[in-house]
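Worksheet: one structure, shown below.
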2 protein chains.
Amino acid sequence: MGNDSLVLLARLLGLVIAVVVVYWFLLLKSTFAPRKGFTYTTIHALLMVIGFILVSGEAILIHRWLPGSKKTKKAVHLLLQGVALLSALIGMWTKFHYESGIFSNFYSLHSWMGLLSVSLFAAQWVTGFLSFWHRGQVRETRTTLLPWHVFLGLYIYGLAIATAETGILVKLTHLQTKRNLPRRCAEAVVLNGVGLGLVLLCALVIASAVLPKSGNEKIVYSSQDRPNVWLLDFSFFFFSF
Amino acid sequence: MGNDSLVLLARLLGLVIAVVVVYWFLLLKSTFAPRKGFTYTTIHALLMVIGFILVSGEAILIHRWLPGSKKTKKAVHLLLQGVALLSALIGMWTKFHYESGIFSNFYSLHSWMGLLSVSLFAAQWVTGFLSFWHRGQVRETRTTLLPWHVFLGLYIYGLAIATAETGILVKLTHLQTKRNLPRRCAEAVVLNGVGLGLVLLCALVIASAVLPKSGNEKIVYSSQDRPNVWLLDFSFFFFSF
């Protein structure tokens, strides 16, 4: 499969997930604290899945399809990641208004994974801004930082999705044990569907980012015996070098 | 940080996680169905964390540190991944003996993610065996398959770890809601610690595998304006090409 089809598939799947999450938000009320109406926690899932994960995935894919100059692509990438960071911060903040206060968030794996991914994301955004956009650094420093930027960015993306999976599981377990939601019901199907959709999206986005473009597999043989092959194509990240 | 230090750190962290999981298995009885003694489900966590995830991580790192011929490295990689696959299959099988039978496993996100990662792992092992070990295919086919093998392998590794996180969370939520385990207790700390340890291990193993070795950043400039850079070093996977 060509790289272009992967990008297209990833963006389509992202759209489907966004629609399903909004549908879940609007129609399946039991998940979203029905007795209290619209609350801070109500929008946590929306901000985290759509604002953080989906927007961040779009930002990763920008370099693969957006036409225009290098500068435009980098500006859009930075801007979208900024929107994702802001959503993540507001999404975390909504949880600080919950019944038991801020510190109730520090006893679960979901919270720790979330705190880790948002902190890393913030650090990554600032470092990316300084070393790529600000252009204050010499080319050599940026060349050394690049594989770390790419690796860390994709790692954080995966970690955010893993955190979402734990969040979905916590929510469903809570509904099943505290509110007697049956194991087989529309809401469980929708929630598990979003979970599996995110797992697939993660694969598509990372594959689009790292696998070589079709017809672009540049292979350099350094010797007959042990060819030296660079198979992952990161040239698209070097627009400004 | 050099690549060698990353490999060392990853292997040390894997060892620490294994020790903590065994300690948890032997001393913190509440997690492991104390009333029934040693059961099928008792060993699910051991098989999945140590037998599947940790052994599979070791297999990924083999190419980065094991001395010896290419053939030896590939044989050890294949063998270790075989052990990991076997552990995963037995680990899944233990759940089929649980109270509610096989089909109770198909209603949770944890199960679906687990089924997906083990199925992909099995397919990956067979494809890897056929295309790399068996040597029946021509060099060109293997060159085309390689980036997919590497990408899919690392993706499955990450997915297995995400699945483990959901498993830990399900277990802790179950203990807290059904058996009134307090939110702050030794067992919660140990379980969440294993969860965060696995998140860190995932980063270290993937970074060791894909980041360039120190002093090995081969950069090819194809033009002054837009250099063509292959930053991720997969040459180590080409031992037999």
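Glycine is no exception: its Cβ is also placed from the backbone N, Cα and C atoms.
Listed features, source TrEMBL:
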type	residues	note
TRANSMEM	A:7-26	transmembrane segment
DOMAIN	A:9-210	domain 'Cytochrome b561'
TRANSMEM	A:38-63	transmembrane segment
TRANSMEM	A:75-93	transmembrane segment
TRANSMEM	A:113-133	transmembrane segment
TRANSMEM	A:145-169	transmembrane segment
TRANSMEM	A:189-211	transmembrane segment
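Summarised as a single figure, the pLDDT of the domain 'Cytochrome b561' (A:9-210) averages 86. Distant neighbours of the transmembrane segment (A:113-133): 48, 56, 74-75, 78, 81-82, 84-85, 88-89, 92, 105, 141-142, 145, 149, 152-153, 155-156, 159-160, 162-163, 166-167, 240; these residues of the same chain sit at least 6 beyond its ends, with a Cβ under 8 Å from one of its Cβ atoms. By the Cβ criterion (under 8 Å, sequence separation of 6 or more), the transmembrane segment (A:7-26) is in contact with the transmembrane segment (A:189-211), since 3+ such pairs are found. Using a Cβ-Cβ cut-off under 8 Å and counting only residues 6 or more beyond its ends in the same chain, the transmembrane segment (A:145-169) has close neighbours at 45, 48-49, 52-53, 56-57, 60, 88, 109-110, 113-114, 116-117, 120-121, 124, 127-128, 131-132, 137, 191-192, 194-195, 198-199, 201-202, 205-206, 209-210, 234, 237-238.
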